[in-house]
Amino acid sequence: MANKHLSLSLFLVLLGLSASLASGQVLFQGFNWESWKHNGGWYNFLMGKVDDIAAAGITHVWLPPASQSVAEQGYMPGRLYDLDASKYGNKAQLKSLIGALHGKGVKAIADIVINHRTAEHKDGRGIYCIFEGGTPDARLDWGPHMICRDDRPYADGTGNPDTGADFGAAPDIDHLNLRVQKELVEWLNWLKADIGFDGWRFDFAKGYSADVAKIYIDRSEPSFAVAEIWTSLAYGGDGKPNLNQDQHRQELVNWVDKVGGKGPATTFDFTTKGILNVAVEGELWRLRGTDGKAPGMIGWWPAKAVTFVDNHDTGSTQHMWPFPSDRVMQGYAYILTHPGTPCIFYDHFFDWGLKEEIDRLVSVRTRHGIHNESKLQIIEADADLYLAEIDGKVIVKLGPRYDVGNLIPGGFKVAAHGNDYAVWEKI
């Protein structure tokens, strides 16, 4: 009986440890918009960065789309099983990179682009809508009846209506078609079993319904999944975000809820991204919502929110929605001390000379067990000062104001600091 009690106790300890590790995730985007141009291949190049990535405390690396694509970056895929035609490298190099990550205890996340697909051949109408899967057999060899019926001119009118937003540059795939579902699930499971991927980042996830995403997640069982649902915030007449962004973050929460809140699904917290972009420009009061909590998705459902400063679209050479470049470390001081799962961008870590500063912040997060559901207490949120305490162990300050000594309780010491930010940790 004693042995049984001991075994049960050990099981509960390990279960708790497993849950703690799962919630302490730090994601890293391992590429930018120009990575495909790298001499010798990006997969080979990134192999040389694995030690630094693992040493930083990063738990997951998001890799670029791996399949053959008519766009060099991988976001216009065609032959999904063909991983040898990628501009980032070939299948063997990809597997070696994933093996190296696994050897350091880091998981690999695939960029899954399935909303749309480019065709290999024209049909009798002269329209490119005959797809080739990239295998000798008929897997993923589809025709126009696998295209959403309302996606003209590609469709032949036999498919189901689109369940999400239209993507104009390529045919929108009919995800209500049972063969489409079956063969995409098989492909996802092949990426796991044969290539070694552990989870998914769903590109343009607003292009198909959450019910569809649930099918792919439930039937492929990734350990981690994050969706890109990028929609516009609500803006006022001054061109700045409204104080209340509840409708915007509700869309993100609704997606996760429909996919299955108890599963691995998360979404990028575009609400926090948009607010933080403006807040660091002398409007730090924006970081306290009308309910006194964080104003983004992390204020409502932090366990399912992936926070970020920039990515290959918002930053890099595309600059669609860039974070103020001279305040990037304020952004990292925020996301790396707050609840939610933070995502670090390759450019900032390796190309901007910010590696040591980001390393220190991740170390503070790891050392004090800050995780995606940590308790956030906002102490001050004024134009020039944001001050918050996390789990009673870490305090973060953003903004140029320096007279905050009276707001920092005893028993804390400075753990990291830089341009208009500082972090204290409990001694």
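Cβ coordinates are placed from backbone N, Cα and C, and glycine is handled just like the others.
Summary of the site annotation: Swiss-Prot records Ca(2+) 1 binding at N115, D162, A165, D172. Screening the candidates G57, G74, G78, G207 against this entry identifies G207 as the one listed for that site.
Together with D166, F167, A170, D172, the Ca(2+) 3 site in Swiss-Prot holds one more listed residue from D151, D156, which is D151. Closest in space to D137 (Ca(2+) 2 binding site), of the binding-site residues given as Y75, A165, F167, N419, is Y75, taking the CA atom of each residue.
Geometry remark: T135 (Ca(2+) 2 binding site) versus N419 (substrate binding site), CA distance 53 Å. Proximity to D172 (Ca(2+) 1 binding site), judged by a C-alpha distance within 10 Å, picks out D166 from the binding-site residues D166, W230, K293. Using a 10 Å Cβ-Cβ cutoff, T135 (Ca(2+) 2 binding site) registers 15 neighbours. The candidate set comprises the binding-site residues E132, D137, D162, D166, D203. Of these, D162 has the most other Cβ atoms within 10 Å.
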